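A.B. asks: Annotations per TrEMBL:
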- 16-43: transmembrane segment (TRANSMEM)
- 18-417: domain 'Major facilitator superfamily (MFS) profile' (DOMAIN)
- 55-72: transmembrane segment (TRANSMEM)
- 84-107: transmembrane segment (TRANSMEM)
- 146-165: transmembrane segment (TRANSMEM)
- 177-194: transmembrane segment (TRANSMEM)
- 232-255: transmembrane segment (TRANSMEM)
- 267-286: transmembrane segment (TRANSMEM)
- 293-319: transmembrane segment (TRANSMEM)
- 339-364: transmembrane segment (TRANSMEM)
- 376-398: transmembrane segment (TRANSMEM)
Amino acid sequence: VHLPPDTRTGEETSPLVWTVVLLLGTCLLYCARVAMPICAVSLAEKFSWSKKESGMVLGSFFWGYCFTQVFGGYVSDRVGGEKVLLLSAAAWGSLTAFTPILAHICSQPIFSMTLSRFLMGLLQGVHYPSLASLCSQKVVESERGFLMSTVSSGSYLGTLVIGGAGSLMLELYGWESVFYISGILAVLWAYCMWKCMLKGQGPIITLESLGSGGSQSKLSKRHWLRLLKQPAVCAVIITHLCSASTFFTLLSWLPTFFRDTFPDSKGWIFNVIPWLVSSPVSLCPLCMSASNLIVVLCVVFTLLLCGQTTFPWAVAFVSSTMGLATFSHSGVSVNVQDLAPSCAGALFGIMNTCGAFSGVLMVYFSGYLIETTGSWATVFALITTVNLLGLCTFLAFAEARRVDIDTSKDRHPNIHI
């Protein structure tokens, strides 16, 4: 990996150190993101929210998440993903720590929490496009899958950590403590990255750097239209849309599902075990054919949740669903870098925008289904249908060959780890 050098000595920071730092940053990203779903039941009881209102608060995150995906990739392609990651982490970490204060000082907490989650989505929306841009520019093709899998596993590790520690803090100290701790840790990570990794320099983004094009090739509108008409590109966007929206729905509603269906169950069990399974599994990216089989198995376990089941079996089905879905996620993420390495950040931003927008609709619509039908089976049936749509699209059109146009301007050499 060709990573940002020490700005004082000109020496490159150890690739292993950067990988660990980015893994920890992604872990804290999800600690802050999942704080709201973990505390959703407690907040609903405290402020008397209905399922529709809870769905509105949970879904507002993805509205914000939609708007900064392409922008985050565009900026990262030009000024460097490490700068974008640093600035955004400092901002969303601070917002997370201030969330309980916003809830208490506002006369209508439903509005302050909805706004807070919207802003959180805006700030966190740049994270994965920045990682994709950084990876496509500075990691050789044969190692992208491993690096992205390793760093992306932080999402499951973070959900695991906040699921266990957050559940305990929720019971012992109240819901506010979950936001305070996760927010403060994120701010500390951003400070340490700035001070130790970038040596106190580098987070400044100027208009000149945005306009210069940086390391990224400039594709015209005609070239972008040609790229987006490629069946393989459309397939990976639709597949990511389906997988992301179902993942976001499960991430947002699973704690409420277990609380409603098994009211005597322990939060640390259902908030930890599924992610304990997902964390090591995320380090094992698969080939396309194996990923397709995994999606089929994931659909089967989701369907099993539609029927009557006991708490242990429900935890087992959810853990299998999340763990199997994790297998294929890194394959889809890396596929965009194979298809268009010259603009992977921006293209990944387009993918995540579609996924976030569909996540908004599915999270809110799931709350509507639960409120009107009183059945969680309708939600799992919806998730199954969307996953099958993504699978069929991927089977029909997905490829791994390069389809972008501008392949000549690559100012960053590929250096093996």
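Start at 1 and count along the chain as shown; that gives each residue its number.
Backbone N, Cα and C define each Cβ position, glycine as well.
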A.B. asks: Average the pLDDT scores across the domain 'Major facilitator superfamily (MFS) profile' (18-417) and report the rounded value.
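C.D. replies: The predicted confidence over the domain 'Major facilitator superfamily (MFS) profile' (18-417), as a mean pLDDT, is 80.
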A.B. asks: Give the one range among 16-43, 232-255, 376-398 whose Cβ atoms make the most pairs under 8 Å with those of the transmembrane segment (55-72).
C.D. replies: 16-43
A.B. asks: Hey, which bits of the same chain come close to the transmembrane segment (293-319), Cβ under 8 Å, at least six residues off its ends?
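C.D. replies: Answer is 250, 254, 258, 261-262, 265, 269-270, 273-274, 276-278, 286, 325, 327-328, 376-377, 380-381, 383-384, 387-388, 390-391, 394.
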A.B. asks: Contact between the transmembrane segment (232-255) and the transmembrane segment (84-107) is defined here as three or more C-beta pairs under 8 Å separated by at least 6 residues; is that satisfied?
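C.D. replies: When sequence-distant Cβ pairs are counted, the transmembrane segment (232-255) does not touch the transmembrane segment (84-107), since fewer than 3 lie under 8 Å.
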